[in-house]
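**Student:** Can you read through this structure? Questions will come right after.
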Amino acid sequence: MPAPVLSKGKPAFQSSISNPFGSPERAVDGSLLSDFDEGNCIQTNKEINPWWMVDLGSTETVKSVAITPRKDCCTEELYGAFILVGELPENGGIFNSKCAVIGSLSRGKTEFFRCGTMRGRYVSVISPKREIFLSFCEVRVFGKTSDFISHDDLPITPPVTSLPKANDDTVLTGPLLSEQRPTSQSSASLPSQSPQKPMDGSIQSGYCVQTLQENDPWWMIDLGSTQTLGFVSITNRKDCCPEQIKGTLILVGDTPHHGGKWNARCAIIPSLGLGIKQIFSCGEMNGRYVTITKPGREKVLSFCDVKVFGKAQNSDKNGLSSTLSSTSADNQQINNHFNSYYNFDLTQNNFAPVLSEGKPAFQSSIFSFSGSPERAVDGSLFSDFEKGTCIQTDRKINPWWMVDLGSTEIVQSVALTPRNDCCTEELRGALILVGDSHDEGGMPNNRCAIIGSLAHGKTEFFRCGMMRGRYVSVVNPKREETFLSFCEVRVFGKASESISPSLPTPSPESQLSTPNASNASDLIGPLLSKQRPTSQSSVFIPSPFLQKPMDGSIQSNYCVQTLQENDPWWMIDLGSTQTLGFVSITNRKDCCPELIKGTLILVGDSPDQGGKWNDRCAIIPSLGLGIKELFNCGEMNGRYVTITKPGREKVLSFCDLKVFGKSSNSKNNVFHDSSSTLSPTSGDDQHITDHGSYYNFDLTENNFAPVLSKGKPTFQSSISNPFGSPERAVDGSLLSDFDEGNCIQTNKDINPWWMVDLGSTETVKSVAITPRKDCCTEELYGAFILVGELPENGGIFNSKCAVIGSLSRGKTEFFRCGTMRGRYVSVISPKREIFLSFCEVRVFGKTSDFISHDDLPVIPPVTSLPKANDDTVLTGPLLSEQRPTSQSSASLPSQSPQKPMDGSIQSGYCVQTLQENDPWWMIDLGSTQTLGFVSITNRKDCCPEQIKGTLILVGDSSHHGGKWNARCAVIPSLGAGTKQVFSCGEMNGRYVTIIKPGREKILSFCDLKVFGKAWNSNTNVFHYFPSTLSPTSGDDQQ
């Protein structure tokens, strides 16, 4: 539901003004431009407690506040500032209630802060208890939301006492722009009421405008070209109905679309008496069209004489603080954020998952095959019906469209994308319904919203609060025969990442590898928290001993308890930045075990506001009385550890807490425990998140999903040339250059297709497609991703996972398939003569809580490779001889990491690590080399099964034993003493790593040799070794 902006043009004040370009009204002028030199921003002097404040004119309900910082500097000065709301203007409102604390901001980027439903007349930004200056560019205060656009709750603009006398146009020294200009209006109640009439100065009813009763009626004048406006005068009717003018808007801009209703607002007209003329300053707004509109449902627009005056020769822009508005360039930026005079409050939808994509959809009738119901949940925001991205019903009574979410869900909001060519009028007045009934398209369900005016092709959001239901419908009720046609519906559910005590708790599996909670000695990392200073937001019973949680006691008198307050916290200072392993916490033993549920553990280097801006280690689930729980912080780095209970009027209470550092023999991948919410702390981690190694992070599910498709057999309808053969799309490379042999291409065919055979029926969660960087995204538009058991005709009879929409060249795009089952995954472009060309397809399967090699596909020996026991046929140079090696651990000291280089396959000359997480062995080739093959030999004396699932990695990073480098191959089962040769397809790298991924694994093998590129090798041959293809180092960077 849209929330009105309460602050625009209201009186503003600040503690001081650094120069005339930094005056306070600039933060409520409606402009989102963030250039101080252009006069868009405010700035105070450097002082103690600098502040800025806006007076809303009366006590209002404040829902949220948006702040736009400068684009060139000064976000650091805003860090830690308060947003305050209340009734007291003294000292910039410093005694008012706190809405929010400003955290880290991006330069020039608007940030939203939610205030709930706070009440107040004054909204302030203040930086307390420090000598600093304030400088920012815009503050928007959003008020109580409304189900539909209604003027009744809008603030009205009082007469501006400094404006010219209303009945004396001669003092408006700017030129009259409106004389003899063409006009138009949405409707006329009588044909004689021509839209030209308001220009003649008469205030008789017969010479005034009156529309029919309709939604958002409007009247518009075309000034012929873009003009700089000074004032607009308007006169109310003299004969009757003076109340009809209240809440009418004056809009100015360059678009005539929908009567100019999307243009910027000059003013809101207040109550005017019979025949009263009022003058409104438009603050030098620029525009060609001036619109008078009455927003709302079933409204009548009625007024008499209108005159538009240009900028007066002696006008002073700075004197029009109540009327400042954006320039035309600014208007474009505002439209990107706010559409019109209403704005959808984005803070309500932060981190809310899309519940509807790919779910079953139905509609009352189907106008044509191109308008079938699933097109509205295909994930595409394209709004072209001809491209097959939209739905359309037949013309019926009560037409409807409905999506089945599969189970009852919490629905927070719904976004609807209309067509870009037509049909927004048919959507006006339609209902969005949510509930558990599917009868008559969900007609008995509860109403989320009524659809008002929509702009062609532009997505509009409708807030549903916290409605619950399985079915979400769009239905057009109680009207003459009509049809529904639109392009996309997105249903957003309960935000999975919102800070709420009802957050999901860690699954039991996630605790499998965590040390015994009752035995701190199992945590062999050092105890970091002993005798370290602590602090907390408040103390329920005053006591000098805030150290209490450190002593191991779980009696209530040795525990922490704060007052009931917003976001209570407790924090320990470790003295310097440390690498953490685990945090243990104990619940109270005497009472109140439920208080701990939803508490957060945060780690970082900032002590501001108790460290509440630091990264999250874990969310604490429900714990029983006196129960201790361990949480894995996965080698997070930080000086401060905070325990906080987010929310309003909360109590924080717990007992003993201990912080343990990284254990001396721990390895990075020990921390796959999903009870923690680790944030990546290194470039490597970010790289893995983006592209993965043998696993990829599936953004749609927040879990690690194995790649099922890499190296599997592929097929396509035709091959345009040898460089476009089908296996190139499953070679693991995200490079997108066709000329380098990274991509596939078919001939121009009817229904061209590409298909991968996963080898067996799998659960397919999502599919990622990487298009070419030079061209061909247009040819992919509208193609289907299909999953199923039928390989005939490229799988055309299989079920649809998704329809591909607009893609950016070279940029990987994800498509969610839910939990579809199938052996074959296809990309097919139906019902048109075209070619297919793209670079990579990654099929992600059933998600797993931790990285386990047991589910990884193993690769059979490649029969076309050189004979395993004859190294002489590997004509490339031997790169590994006498090169230094290292390994994660050794089961016996005599097992030097050099041993595998001597050719022996006796157990005494082989590698064996301790049982540990992700054990590895690595060789340093001295410099980056182009690899041809790697040969490895299994142990001869015992344990041949241990080698299964071991990975060969190649790259230029030695960090963590090279575990983040690209994959050359997965080693299958090998017999005792068997040697196997693996092609690395001319991968580039300095380090070759042998690693056994997983928890509590042993790495064991014998002789290993690394061979460079053979002089007579043909790069194309490597595209037929699906087990060994992997990105080069250049690709790895991408």
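Placement of Cβ uses the backbone N, Cα and C atoms for every residue, glycine included.
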**Student:** Examine the ranges 1-22, 221-242, 331-352, 947-968 and name the one recorded by TrEMBL as region 'Disordered'.
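**Tutor:** Of 1-22, 221-242, 331-352, 947-968, TrEMBL gives region 'Disordered' for 1-22.
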**Student:** Taking the domain 'Fucolectin tachylectin-4 pentraxin-1' (531-668) as reference, which of 9-152, 180-317, 348-500, 701-854, 882-1018 has the most Cβ pairs under 8 angstroms?
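**Tutor:** Answer is 882-1018, with the largest number of Cβ pairs below 8 Å.
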**Student:** Helix, strand, coil: count each for the residues of the domain 'Fucolectin tachylectin-4 pentraxin-1' (180-317), based on DSSP.
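**Tutor:** The domain 'Fucolectin tachylectin-4 pentraxin-1' (180-317) comes out at 16 helix, 55 strand, 67 coil.
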**Student:** Please list the DSSP helix, strand and coil residue counts for the domain 'Fucolectin tachylectin-4 pentraxin-1' (9-152).
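**Tutor:** Per DSSP, the residues of the domain 'Fucolectin tachylectin-4 pentraxin-1' (9-152) fall into 21 helix, 61 strand, 62 coil.
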**Student:** Give, as a single whole number between 0 and 100, the mean pLDDT over the domain 'Fucolectin tachylectin-4 pentraxin-1' (701-854).
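**Tutor:** The predicted confidence over the domain 'Fucolectin tachylectin-4 pentraxin-1' (701-854), as a mean pLDDT, is 85.
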**Student:** May I have the DSSP-based helix, strand and coil counts for the residues of the domain 'Fucolectin tachylectin-4 pentraxin-1' (882-1018)?
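**Tutor:** Counting residues per DSSP class in the domain 'Fucolectin tachylectin-4 pentraxin-1' (882-1018), I get 15 helix, 55 strand, 67 coil.
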